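Input: a single structure, listed below in structure tokens.
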Amino acid sequence: MSNIQHRNTVQEDPWSALKAYTTARIALGRTGTAIPLKEVLSFRLAHAHARDAVYSRLDINLLLEELHAFMLPVVQLHSSVAGRHEYLQRPDKGRKLDTGSIEILQAQPAAFRQKDVVIIVADGLSATAMNLHTAPLLNHLLPLLKTAGLSIAPVCLVEQGRVAIGDEIGELIQAKATLMLIGERPGLSAADSMGAYITFQPRTGNTDEVRNCISNIRQDGLQYIPAAGKICYLLQEALRLRLSGVELKDNYKDPSLLTG
Amino acid sequence: MSYQHTIQFRTYQFDDLRTLLAKATPFRSGDALAGLAAATYEERVAAQLALADVPLKTFLQEAVIPYEEDEITRLIIDTHNQAAFAPVSHFTVGELRDWLLSDDADTQTLQQLAPGLTPEMVAAVSKLMRNQDLISVAQKCEVVTRFRNTIGLKGRLSVRLQPNHNTDDPKGIAASIIDGLLYGCGDAVIGINPATDSPQAVIQLLHMLDQLREQFDIPTQSCILCHVTTALQVMTKAPVDLVFQSIGGTARTNSSFGIHLGLLQEAYDAALSLNRGTIGNNVMYFETGQGSALSANAHQGVDQQTCEVRAYAVARRFSPLLVNTVVGFIGPEYLFDGKQIIRAALEDHCCGKLLGLPMGVDVCYTNHAEADQDDMDNLLTLLGVAGCNFIIGVPGADDIMLNYQSTSFHDAQYVRKVLGLKAAPEFEGWLQRQGITNAGGQLQPVGNTHHLLTYQAG
């Protein structure tokens, strides 16, 4: 029975000081060859957050309320995906609008067409990210776009959407450029990252090399103010140079980082 | 040529070998996405019944991607070894399956057969095999490679130490390396996926890894997993042990990766001429994964598993030290859940081994796949039984740069322990000299004065 007298069988690793240099899960300690339970559960919690984010839904009522406060018209759209399992297995369907959504866009009045930019908000792989970050980001971004003199089409709220669905939307509403705000694939370190994709001359069939991407927009990542600044810069440049993607270089200088 | 099979009153027709292979494939989301999967359970079995009757010789006459169009098809046909093929040349695919599982097909016989098999033959037979068969056959194979140590011996399981960091910070990377070494990992390679492909960053990391390896006299090799063109560029300025490249099974896929066979040959020759291996000259490290061809829109109507095995023909050309199928990284649109990931990993491992490749598997998944650590535990254990050459070791199974989950250093020790597997012999000796493991391979308590803990990253 002597083997079961020790209550704490966890062996700490004597190099936990190295944790200062990385967020990787080092110096976890061990019991036998196994990871101690405390660390196992901490991993499982991070994975649970990621899984919940993948299956989260856009909070349409909240988003509509927030978007209306910006005094912008909003249209609600849906991809041709039926449910989340199909979304995960059929990226092609997540890139196409359903027929009802196409009709909605075709019925938009002339006054909403041929704008400089259409802002699209899609759930992507983390609706959680969009529920959290859409309004705060737009709160900083819209005044910048207004100052820059850009005209804005109705905001499109898309359920079960992928990045490329923005091409179809932009084409139907005849916008010069799209700004797609979309939930990124959750990682263990963050389940609420928003991505922003800018595409000049949106056309169905465009591929990723014609887009500019700004990633990791969240409170502990790229924060709202620099994100909004970067997005506005890239949109202006895309419209000025009439291109986007690999040929549009991101030379944005964050004013808050400039010391004069 | 068309193929058919009748079940009761229904005749299933398959227009060509490519279609037959696709329809006979156990279900996975990628083939459904590509519109290639069998429409019903019955159609799938009908295709398998038809495939079982196809003579192996047919595969030398009917290419799934035309010879004129694709340099990988040309490589497969032009380098096929007729003498090695002769003993099985009269078999059908079904007879090959039964023979592979018989006691006649022992380790040495399978090693001699490897150059006689084409990727399509091997893909075909694997489609008829159950998971158990994939494990049994792979376990009989032995593919041994060498650079500074010996990888792939029976009873051994090596680990690639993958110390990635989101900004390539040398101190952050070093912290993960020390952690991995003290958990007995790193004998396959210490290999970093750089956050950027900039030559300057790659040079800095190469110097750091080499200096660390020299300082502690570690019998292993290092690799920065940059693009092959970057490796060629920095080779004269920094110590390159292994040259890395992601490869696919169609020429178009490879062209989307910015490579072709001539470029790989150039890199292979250049790496060989560096002569840095001490006990062997396997200098290439390749990564593959089912779904890459479809993802690049370059599958040409060939199912994702057959495309994958065709990539092994590319790898085989350059006698690699390591081939790693990054099975669960690509996402649920190609492999939806734990069941599909496990099946695909066992297929890749078995098919690679039959073709004579030093197969390792990145036992992994992304957060949008229907999989979790339990699935990875299952797969890791199965691969340990199947005799996988190496797995990936990431601190706590969480890759903070690539944002996916692989196996942890602890996981590697688990599978070595429950299956009695050991590290590569040279590395095993080093671990014992360092007091990290004992003669039985068990981890030993490490004091806070251990000399690895004195390492300072520059």
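Placement of Cβ uses the backbone N, Cα and C atoms for every residue, glycine included.
Remember, it's a predicted structure, so these values are computed and weren't measured experimentally.
Noted in TrEMBL for the protein shown:
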- B:ARG160, B:LEU161, B:GLN162, B:ASN193, B:GLU287, B:ASP362: substrate binding site (BINDING)
- B:PRO194, B:GLN245, B:SER295, B:MET401: adenosylcob(III)alamin binding site (BINDING)
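The structure, with features from TrEMBL marked on it.
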| residue | record | DSSP class |
| --- | --- | --- |
| B:ARG160 | substrate binding site | strand |
| B:ASN193 | substrate binding site | coil |
| B:GLN245 | adenosylcob(III)alamin binding site | strand |
| B:GLU287 | substrate binding site | strand |
| B:SER295 | adenosylcob(III)alamin binding site | helix |
| B:ASP362 | substrate binding site | coil |
| B:MET401 | adenosylcob(III)alamin binding site | coil |
If you compare CA-to-CA distances from B:PRO194 (adenosylcob(III)alamin binding site) to each of the binding-site residues B:ARG160, B:LEU161, B:GLN162, B:GLU287, B:ASP362, which comes out shortest?
B:GLN162
Within a 10 Å radius of its Cβ, which of these binding-site residues (B:ASN193, B:GLN245, B:SER295) has the fewest neighbouring Cβ atoms?
B:ASN193
10 Å Cα neighbourhood of B:MET401 (adenosylcob(III)alamin binding site): matching binding-site residues from B:LEU161, B:ASN193, B:GLU287:
B:ASN193
Taking the Cβ of B:ARG160 (substrate binding site) as the centre, count every other Cβ atom within 10 Å, in any protein chain shown.
27
Taking only the binding-site residues B:ARG160, B:GLN162, B:ASN193, which one has a CA atom nearest to the CA atom of B:GLN245 (adenosylcob(III)alamin binding site)?
B:ASN193
Within 10 Å of each Cβ, count the other Cβ atoms, then let me know which of the binding-site residues B:LEU161, B:MET401 comes out lowest.
B:MET401
Local Cβ density at B:GLN162 (substrate binding site) - other Cβ atoms counted within 10 Å:
29
Which residues of the same chain, at least 6 positions away in sequence, have a Cβ lying under 8 Å from the Cβ of B:ASP362 (substrate binding site)?
B:GLU287, B:ASN324, B:THR325, B:VAL326, B:VAL327, B:GLY328, B:PHE329, B:ILE391, B:ILE392, B:SER406
List the residues in the vicinity of the substrate site, defined as same-chain residues other than B:ARG160, B:LEU161, B:GLN162, B:ASN193, B:GLU287, B:ASP362 with C-beta within 8 angstroms of the site's C-beta centre.
B:VAL189, B:GLY191, B:LEU225, B:ASN324, B:ILE392, B:VAL394, B:SER406
